[in-house]
Structures are given as C-alpha cells and as structure tokens.
Amino acid sequence: IHEMDEQVGSYQRARRKFSMIVYLLSTLWLVLALVQWLIVSLISEVKDVFVEYEWISVIFFILSIGFTMLFIFFEQSRFVRGLNWLLAIVIVEFAIVGVFALVVRSKWADMLMWYFICLLLLFLFVLVGAVIPHDLTLDVVIIFVISFVFLITSVFMLMIYVLTLAPYSFIVYQLIVSIIILSFVMYHAQTITGGRFAEMRINDYLLATIILFYDFIVIFLLTFYVQTKYRIASDA
C-alpha cells in the first residue's frame with residue numbers, strides 16, 4: 001500500500017509539473033504574439049508591407065498548419081530533443097506572422113482590447129475545465145456530435161452573411177464557432193491536468209502548448225470582423 005501511495009504521489013507531482021510547464025509555455029507564446037502584433041500595428045513601415053502584401057501572411061499561416069500536422073502525425077518529431085523545440089517555435093512564429101495581415105487592418109487599441117478578452121475567455125474555460133468534477137474526456141463523442149451540429153449552423157450563418165451582408169449573421173457565426181472552440185479548451189484542460197479517462201503524456205508538453213495556442217488563435221481571428229467594423233476601443 002505504501003509503495004502504491006508513493007507511485008500515486010510521484011504521478012501527481014509529475015502531472016503538476018507537466019501542467020505548469022504547459023501553461024507557462026503557452027503564456028510565453030501568447031506574450032510573444034502580443035509583442036509582435038503591437039509592433040506591426042504601431043510601426044507604419046512594417047504595417048504598410050503587410051497591408052500591401054497580405055499573401056506573405058497567408059503563406060506563413062499555411063506553413064504553420066503544415067508543420068503542425070507534421071508535429072502531430074509524425075510522433076517521433078515531438079520527442080527528438082532540439083528538433084521538437086525548433087518545430088514548436090517555427091509553428092508558433094509562423095502562426096503569429098500569419099495573423100499580421102489581419103492585425104494591420106485593425107487599430108492597435110481594438111486589437112489589444114480583443115486580445116485580452118480572448119485571453120480572459122481562454123483562462124476562464126481552462127480553469128473551468130480543470131476544476132469541474134465531470135469528466136469531459138468520457139464524452140468526446142457527444143462533444144463531437146454537438147460540435148458538428150453547431151458547425152452546420154455556423155456554416156449556414158456564414159453563407160447568410162456572404163449573400164446578404166447582414167451583420168448579425170456573422171456575429172452569430174462568430175459566437176457559435178467560439179463556443180465550439182471553448183468546449184474543446186475545457187476538454188484540453190482536462191487532458192493536461194490529468195486524473196481523467198484520457199490525458200496527455202507528461203512528456204508531450206510542446207503539443208499541449210501548441211493546441212492551446214491555436215485555440216486562442218481561432219477565437220482571436222473571429223474577432224477581427226468586430227475589430228475592423230465597429231472599432232469599439234479606438235472610437236471610444
């Protein structure tokens with residue numbers, strides 16, 4: 001019994017260390033992103049480049065997605081020391097550059113306001129996912145089914161916007177997709193915290209940080225419609 005208690009205690013310490021590394025690294029990625037987005041927003045010479053050549057951001061974002069797929073499906077790449085860090089940094093940095101084309105079309109005040117709103121949402125849903133007693137990892141099929149239904153609705157609302165330009169339709173689309181992503185944020189939080197049916201391996205912290213970073217990116221991308229159309233902060 002004593003040996004079993006020691007094993008449980010050792011596992012819990014390792015899991016806490018893993019969680020701390022994941023959240024600290026995720027914070028580092030998000031701070032790195034904010035600094036670069038502010039630089040692009042505030043320095044007109046850099047801003048003009050990405051206003052005129054938005055395809056640069058498109059290429060970087062597609063490459064980031066490609067490297068992410070490589071990172072996920074070629075599992076060994078996540079555990080080769082040096083290579084794993086290089087890939088993780090490239091994935092994050094390319095995604096950050098990919099957002100430049102949108103950031104330069106927003107005002108820095110609006111970008112900053114929505115950045116912190118998205119950051120707050122990410123933090124709250126990570127916290128909720130980590131502390132609620134219900135094991136969401138047991139309900140992965142239900143989550144996917146509900147998300148699929150929401151996805152159908154979101155595509156419909158997006159097409160309504162494309163064809164009618166009704167502002168409410170895009171906002172509804174934004175809310176639906178955000179709900180889908182935030183439900184997966186809670187799921188990811190439980191796989192990181194552990195003690196559930198499904199959990200991430202304690203040496204897979206780079207993948208965990210990339211998943212959380214992309215969760216934030218998706219939510220943040222959806223805000224650019226409101227950022228550029230309503231300019232709540234810059235017009236205040």
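Along the chain as shown, residues are numbered 1 onward.
Every residue, even glycine, has its Cβ placed from backbone N, Cα and C.
Copied from TrEMBL, the annotated features are:
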{"type": "TRANSMEM", "residues": "21-43", "note": "transmembrane segment"}
{"type": "TRANSMEM", "residues": "55-74", "note": "transmembrane segment"}
{"type": "TRANSMEM", "residues": "86-106", "note": "transmembrane segment"}
{"type": "TRANSMEM", "residues": "112-133", "note": "transmembrane segment"}
{"type": "TRANSMEM", "residues": "140-164", "note": "transmembrane segment"}
{"type": "TRANSMEM", "residues": "170-189", "note": "transmembrane segment"}
{"type": "TRANSMEM", "residues": "205-226", "note": "transmembrane segment"}
Winner by Cβ pairs under 8 Å against the transmembrane segment (170-189), considering only 21-43, 55-74, 86-106, 112-133: 112-133
Whether the transmembrane segment (112-133) meets the transmembrane segment (55-74): three or more C-beta pairs under 8 angstroms: no
Positions on the same chain near the transmembrane segment (86-106), where near means CB under 8 A and six or more residues out: 29, 32-33, 36-37, 40-41, 47, 50-51, 54, 56-58, 60-64, 67-68, 70-71, 77-78, 206, 209-210, 213-214, 217, 220-221, 224, 227-228
Chain residues in Cβ proximity to the transmembrane segment (205-226) (below 8 Å; excluding those fewer than six residues from its ends, i.e. six or more beyond): 18, 21-22, 25-26, 29-30, 33, 68, 71-72, 78, 84-85, 87-88, 91-92, 95, 99, 102, 105-106, 114-115, 117-119, 121-122, 126, 170-171, 174, 177-178, 181-182, 184-185, 188, 191-192, 232
